[in-house]
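In what follows, a single structure is set out as structure tokens and then discussed.
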Amino acid sequence: KDNNSLKMAAAARASAAVVAVLVVMIAMGSGGLPAAEAHLQMGAYNKTCPQAEDVVLKEMTAILAKSPDLAGPDSPLNKGVRGYEVVDRIKAKLDKACPGVVSCADTLALAARDSIRLTKGPFIPLPTGREDGNKSSAADVALNTPAPGANITDLLAQFAKFNLTAKDLAVLSGAHTIGKARCATVSPRLYNFGGQNSSSDPTLDANYTSTLRGQCKPGDAATLVDLDPDTPSVFDADYYKLVAGKRGLLSTDAALLLDPATGAYVASQANATSSDEFFADFAASFVAMSKIGALTHHKGEIRKVCSKVNPPSPASSNAAAGQTRLAATGGMLLPLAMSLVLFGL
């Protein structure tokens with residue numbers, strides 16, 4: 001492969017990893033606050049850390065170019081999710097430039113935004129000012145994340161829980177245009193579907209089933225399969241052509257065809273002549289989801305280590321002992337949609 005192809009492949013891997021790592025941050029808000037209650041603003045760090053967004057973009061560019069070895073599973077629902085050290089690396093650079101100013105929640109949000117941009121997706125103007133929460137629990141992930149075999153009713157209900165629409169579901173599922181899923185997640189559609197020996201999911205194109213069986217042999221749980229085999233390294237609207245043609249990799253992709261609203265969006269984008277509408281829609285849904293449950297105005301903290309809450313100060317330890325806020329890093333709930341496929345990474 002030429003150098004540009006290698007860089008784009010690296011970008012897709014790290015991009016998917018940064019998006020996927022957000023899955024374990026599902027319980028970042030205090031109970032799923034509606035977006036209108038998140039008091040974020042454009043350029044929140046303009047005075048306190050004016051170089052913040054440049055630092056994130058520079059680090060993401062370097063990370064994608066080098067295609068680092070990504071690892072770090074957490075919750076059983078997200079077994080195999082990789083990329084935690086990407087966030088740690090960026091946060092370290094931010095703290096070097098502006099100690100204790102930029103939150104882990106904003107670091108995640110900006111890294112995800114830039115990973116999309118660097119794989120030829122849209123640039124998304126993103127409001128910032130999120131604070132980090134006081135509690136992290138992998139057990140909270142399953143409460144706010146669709147199960148791998150979720151049907152369309154489950155998916156719509158999960159999104160509605162956070163005031164997100166059927167269109168948001170269809171739009172944010174378009175993130176599956178990059179990244180990979182493990183055969184462990186794909187194989188239930190390929191073998192013994194519905195408990196019937198050697199049967200496959202009838203909603204999956206027969207030729208595609210044959211191709212996937214060549215990639216995922218029975219019992220293979222580890223092999224990675226491209227979500228968008230035609231342009232796996234490019235953030236584009238091709239995902240919708242795949243879904244419309246019954247070639248969506250996972251059951252949650254195929255489920256979009258079973259609801260009038262999500263099905264109509266799939267059909268619209270599958271027949272679109274450019275990605276412009278999808279890009280605009282994705283930017284809007286991305287920002288809306290990023291605001292859910294965000295902690296601002298000193299309701300949270302700025303973590304020193306993203307994987308740990310700050311140790312309580314002597315003066316606040318008694319108050320902290322009684323606190324029950326279910327917040328991990330301040331409300332970056334983007335993974336709710338992204339995780340429909342990416343929890344298999």
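Start at 1 and count along the chain as shown; that gives each residue its number.
Note: Cβ is positioned from N, Cα and C throughout, glycine not excepted.
As written in TrEMBL, here are the features:
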type	residues	note
BINDING	Pro146	substrate binding site
BINDING	His176	heme b binding site
BINDING	Thr177, Asp228, Thr231, Asp236	Ca(2+) binding site
DISULFID	Cys104-Cys306	disulfide bond
DISULFID	Cys183-Cys216	disulfide bond
DOMAIN	55-310	domain 'Plant heme peroxidase family profile'
Other CB atoms within 10 A, centred on Thr231 (Ca(2+) binding site):
18
Cα-to-Cα gap, Thr177 (Ca(2+) binding site) vs Cys306 (disulfide bond), nearest whole Å:
28
Shell list (Ca(2+); ref centroid = CB of Thr177, Asp228, Thr231, Asp236; cutoff 8 A):
Ile178, Asp230, Pro232, Val234, Phe235, Ala237, Asp238, Tyr239
If we check Cα distances from Asp236 (Ca(2+) binding site), which of the recorded positions Cys104, His176, Cys183, Cys216 wins as closest?
His176
Nearest by CA distance to His176 (heme b binding site): which of the recorded positions is it, out of Cys104, Cys183, Asp228, Thr231, Cys306?
Asp228
Taking every protein chain in this structure into account, which of the disulfide-bonded residues Cys104, Cys216, Cys306 has the most other Cβ atoms within 10 Å of its Cβ?
Cys104
Could you tell me the C-alpha distance between Cys306 (disulfide bond) and Cys183 (disulfide bond) in angstrom, no decimals?
30
What count of other C-beta atoms do you get within 10 angstroms of the C-beta of Thr177 (Ca(2+) binding site), across all chains shown?
27
By a simple count of other Cβ atoms within 10 Å, which of Asp228, Asp236, the binding-site residues in the record, is least packed?
Asp236
How many other Cβ atoms are found within 10 Å of the Cβ atom of Cys183 (disulfide bond), counting all protein chains shown?
20
